[in-house]
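Annotated L-isoleucyl-5'-AMP binding site per Swiss-Prot: Glu556, in sequence order, evidence recorded as sequence analysis. Annotation source Swiss-Prot lists ATP binding site at Lys600. The Zn(2+) binding site annotation in Swiss-Prot covers Cys890, Cys893, Cys910, Cys913. Positions annotated as motif ''HIGH' region' by Swiss-Prot: 57-67. Marked as motif ''KMSKS' region' by Swiss-Prot: 597-601.
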Amino acid sequence: MRVKDTLNLGKTKFPMRGNLPKREAEWEKNWEDQKFYERRLKLNEGHERFDLHDGPPFANGNIHMGHALNKITKDIIVRSKNMEGYYAPYVPGWDTHGLPIEQQLTKQGVDRKTMDRAAYRELCRKFAMEQVEKQRTDFKRLGVMGDWDHPYITLLPEFEAAEIRVFGKMYENGYIYQGKKPVYWSWSSESTLAEAEVEYHDVESPSIYISFPVKDGKGKLSEENTYFLIWTTTPWTIPSNQGIAVNPKFDYSVVEVGDRRYVVGTDRLSAVAEILGWDSYKTVQHLKGTDMEYMVAKHPYIEGRDSLLMEAVYVTDDDGTGLVHTASGFGEDDYNTAMRYGFDVLSPMDNKGCFTEEIPDPDLVGKFYTDTNEIVKDKLSAAGNLLHYSTFVHSAAHDWRTKKPVVYRATTQWFASISKFRDQILDQIEKTTFYPAWGKTRLYNMIKDRGDWVISRQRAWGVPLPIFYAEDGTAIVTHETIEHVADLFAKEGSNAWFTHPVEELLPEGFTSEHSPNGKFTKETDILDVWFDSGSSWSGVQALGRAVHYPTSMYLEGSDQYRGWFNSSLITSVATNGVAPYKSVLSQGFTLDGQGRKMSKSLGNTIAPNDVIKQMGAEIIRLWVASVDASGDVGVSMDILRQVSEGYRKIRNTFRYMLANTADFDPEKDRVAYKDLRKIDQYLEVKLNDLVAESIVNYDKYDFADVYKLVFKFITNDLSAFYLDFAKDVLYIEGKDSHARRSMQTVIYDAAVKLAKILAPILPHTMGEVWGYLKEKEEDVYLSNFPEIEDYADADDLKESWGEFMKLRDDVLKALEEARDQKLIGKSFEASVTVYPGEAAKAALDKLAGEDFREILIVSNLVMGQGEVPAEAKQFDQASVLVRRAEGEVCPRCRMYRTDLGADSRLPQLCGRCASIVAGDHPEILEEGLED
């Protein structure tokens with residue numbers, strides 16, 4: 001037998017390389033075949049619930065890194081909650097109605113305007129379901145576990161029926177009404193938009209100053225050559241002007257410039273004078289805003305049209321002139337002010353953004369709104385009322401799908417009246433927990449300031465508004481009509497609205513005093529898609545999915561404060577008086593490595609599927625766990641490669657632990673905590689602290705800290721310390737020796753507990769690790785998080801070993817200096833004498849009996865007494881003297897020893913090794929030992 005054959009060298013089939021792109025798919029198939037998701041829930045039946053309700057991604061195309069961040073975060077939460085013992089189901093969902101589906105069909109050459117509506121909607125449904133299947137495959141490949149065979153999908157009949165009932169309950173409670181008021185209008189989509197469907201981009205717009213001649217100053221202001229001065233960026237709205245708003249609290253000045261007089265906000269006077277080039281002007285009169293109410297101005301270029309002066313507190317002195325041009329059909333503030341003063345709504349624009357015959361200037365009829373800016377400018381100039389024209393760049397509202405500008409346009413729509421139950425919504429926000437905490441203020445302010453919600457859309461693909469109209473135009477919505485439509489939708493889906501005549505959509509024998517002839521028509525608009533997803537708390541119940549209401553958590557990107565968090569809150573409070581969620585967790589956006597938004601034009605997008613093919617889903621999952629996703633997070637191939645280095649460190653550490661516990665049977669070889677060596681007890685205590693802190697961080701949804709704690713423990717406590725000196729015990733000591741079994745107990749515990757703690761983050765790899773451990777559960781996911789132990793001596797151990805670690809730092813510094821001086825090479829070539837200070841000596845006394853030589857990996861260690869030699873190095877905790885070790889290297893333990901050949905039967909070994917080999921391999925005494 002050779003010397004190396006007497007060593008307890010670790011062996012394992014756990015591969016160094018994960019080969020993740022290939023093997024992950026095999027593990028995922030095994031999860032599904034073995035029904036681990038269902039079995040985990042079965043284990044937790046009857047336990048406290050944790051329901052994370054999935055915000056439905058839109059079913060359109062393969063997933064991107066934002067999807068990966070979101071879905072993996074949810075999976076980490078659900079897995080960790082289940083491993084904590086909660087009953088935590090996960091039901092994935094999809095949002096499947098809306099304009100993007102219609103746009104995709106248009107790209108395929110489908111023209112909805114030439115098709116039967118029901119047939120067109122069937123094409124939409126088919127396309128949407130194809131996208132669901134595509135994304136389902138993508139999400140599962142990320143290692144996301146859930147009830148993938150029974151998702152909730154907004155186009156499913158039972159879901160649509162539930163949505164109809166939500167609408168009906170809101171109508172019954174008095175929260176739904178029809179009105180004509182300005183809403184975001186997308187001429188490119190020919191539909192209204194919700195606030196959540198609007199995004200902002202920089203555009204170049206006109207900036208013009210216009211004078212309105214005073215017609216009636218109410219005895220307070222001269223009409224002769226006197227003008228109200230306004231500023232606007234939308235010349236195309238000037239023909240529809242109905243009034244001028246002034247702030248009742250502001251001071252206004254009448255200034256003389258040449259032969260004209262202008263009324264301007266006093267605080268804006270100097271800025272306006274500079275812009276208009278008034279080198280000299282004279283203030284001739286002061287007015288209060290309240291003085292000007294009900295004064296009348298002439299339209300700046302249309303004969304016979306007047307403009308009423310009205311009070312409005314929203315008028316600011318931040319820009320403009322302090323007087324605001326008002327057109328009721330093209331602005332929410334304009335509308336509200338005009339209504340207070342008894343005006344009819346004037347909105348002379350069609351669905352495509354072109355002016356209708358209602359426009360007071362016939363020259364503009366049929367023209368696209370922005371094309372009229374130059375015409376209006378020229379007419380103002382000809383009338384002598386254009387004082388200044390320039391352009392400027394500013395942020396303007398755009399359709400989030402078409403990327404085209406949108407306008408405020410007054411149209412007849414259906415609304416949810418937020419103002420009627422705003423206080424209830426705000427009260428529910430106060431009762432909700434937010435991660436991060438600032439989310440509460442953000443959502444609160446959004447609800448506090450938001451207007452009523454326009455819920456009707458002029459599109460084809462969506463859930464129809466379940467409204468009928470009588471012969472006299474009266475809208476009909478009753479409990480009976482809602483239930484009849486909902487029951488029909490539950491059986492046939494919402495296409496029934498378009499395949500059945502109105503008589504079959506109404507309850508049998510339905511009559512109304514508003515239809516003496518029994519004739520009815522049905523609404524052609526559909527519900528806003530945000531009403532679809534906003535009703536998901538109800539739809540998922542109607543589908544019989546395992547999600548309780550109110551649910552434990554909603555988790556989505558921070559854009560959903562004005563989207564899904566918002567719409568879900570409104571529908572739930574409106575129908576049931578409670579928020580649909582107990583907590584809300586929001587995430588930032590995924591940016592590239594330089595902090596830029598990802599876009600195809602910049603070429604900086606990363607597809608999760610491409611990363612999976614190159615590196616594996618585990619690397620994406622570890623990236624998700626490593627970042628603080630409460631804000632925006634960067635991702636690039638370079639960043640992912642750095643993450644993969646961290647993964648490699650974790651994997652290699654597990655490989656070492658598995659190899660060196662391969663001959664350890666926890667049932668018979670385990671050493672009880674009280675019998676462990678003190679250094680091993682210390683590591684058990686450190687491991688226990690790690691488990692406790694990790695679970696706390698899981699409960700705070702702070703996965704970045706879980707990862708940091710684990711990685712720090714693996715790197716510092718294990719690799720750089722415990723496992724570094726472990727070889728001297730694991731390889732050298734007797735196979736069944738107390739020292740070796742004591743250390744193996746700790747290493748095995750570390751492998752088990754770290755596998756459990758990392759399982760929610762790295763389920764593929766930790767499942768693989770689990771297969772090499774001797775635990776009763778078939779998979780790590782079927783186990784629970786480690787129990788947190790109560791070690792009575794934990795604080796004393798941490799204090800004593802903490803002092804020793806400071807002493808160790810001093811010794812390592814001394815060894816490094818000796819290495820620099822070429823006195824030694826490796827640390828085992830050294831003989832070290834330590835003269836400890838008081839704190840270190842006290843710690844060493846408490847740790848009496850420990851083999852500090854072994855821990856410091858030196859051949860000889862002496863605790864010096866008496867006077868410190870001059871050549872010793874002075875450090876914080878001790879003085880350290882390093883000399884080259886005497887003797888020869890033992891070929892087995894690699895330490896310098898002076899007792900080689902002490903046992904004549906094994907002359908090449910030191911006394912320690914000879915004793916161990918004789919005990920473990922007595923046959924060698926007969927056969928002899930080769931080098």
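Every residue number used here counts from 1 along the chain in the order it is shown.
Cβ atoms are placed via backbone N, Cα and C, with glycine included.
Residues 94-96, 98, 100-101, 104, 128-129, 131-132, 134-135, 138-139, 153, 557, 589-590, 598, 605-609, 620, 635 of the same chain lie 6 or more positions beyond the ends of the motif ''HIGH' region' (57-67) yet place their CB under 8 Å from a CB of it. If you take every residue in the motif ''HIGH' region' (57-67) and average the pLDDT, you get 93.
Of all Cβ atoms in the protein chains displayed, 7 besides its own lie within 10 Å of the Cβ of the residue listed as 'ATP binding site'.
Counting in whole angstrom, Cys893 (Zn(2+) binding site) lies 56 from Glu556 (L-isoleucyl-5'-AMP binding site) by their C-alpha atoms. In sequence order, Ile732, Pro891, Arg892, Arg894, Met895, Arg897, Leu900, Leu909, Gly911, Arg912, Ala914 are the residues of the same chain, not among Cys890, Cys893, Cys910, Cys913, whose CB sits within 8 A of the CB centroid for the Zn(2+) site.
Reported as a whole number, the C-alpha separation between Cys913 (Zn(2+) binding site) and Glu556 (L-isoleucyl-5'-AMP binding site) equals 61 Å. For the pair Cys890 (Zn(2+) binding site) and the residue listed as 'ATP binding site', the Cα-Cα distance reads 63 Å. As a summary of secondary structure, the motif ''HIGH' region' (57-67) carries 3 helix, 1 strand, 7 coil according to DSSP. The 10 Å shell around the Cβ of Cys893 (Zn(2+) binding site) contains 21 further Cβ atoms across the protein chains shown. Other Cβ atoms within 10 Å of the Cβ of Cys910 (Zn(2+) binding site), summed over all protein chains shown, number 26. Rounded to a whole number, the distance between the Cα atoms of Glu556 (L-isoleucyl-5'-AMP binding site) and Cys910 (Zn(2+) binding site) is 64 Å.
A gap of 23 Å separates the Cα atoms of the residue listed as 'ATP binding site' and Glu556 (L-isoleucyl-5'-AMP binding site).
In the three-state DSSP scheme, Cys913 (Zn(2+) binding site) falls into the helix class. Broken down with DSSP, the motif ''KMSKS' region' (597-601) shows 0 helix, 1 strand, 4 coil. Figure note: comparing Cβ neighbours within 10 Å for the binding-site residues Cys890, Cys913, the maximum is reached by Cys913.
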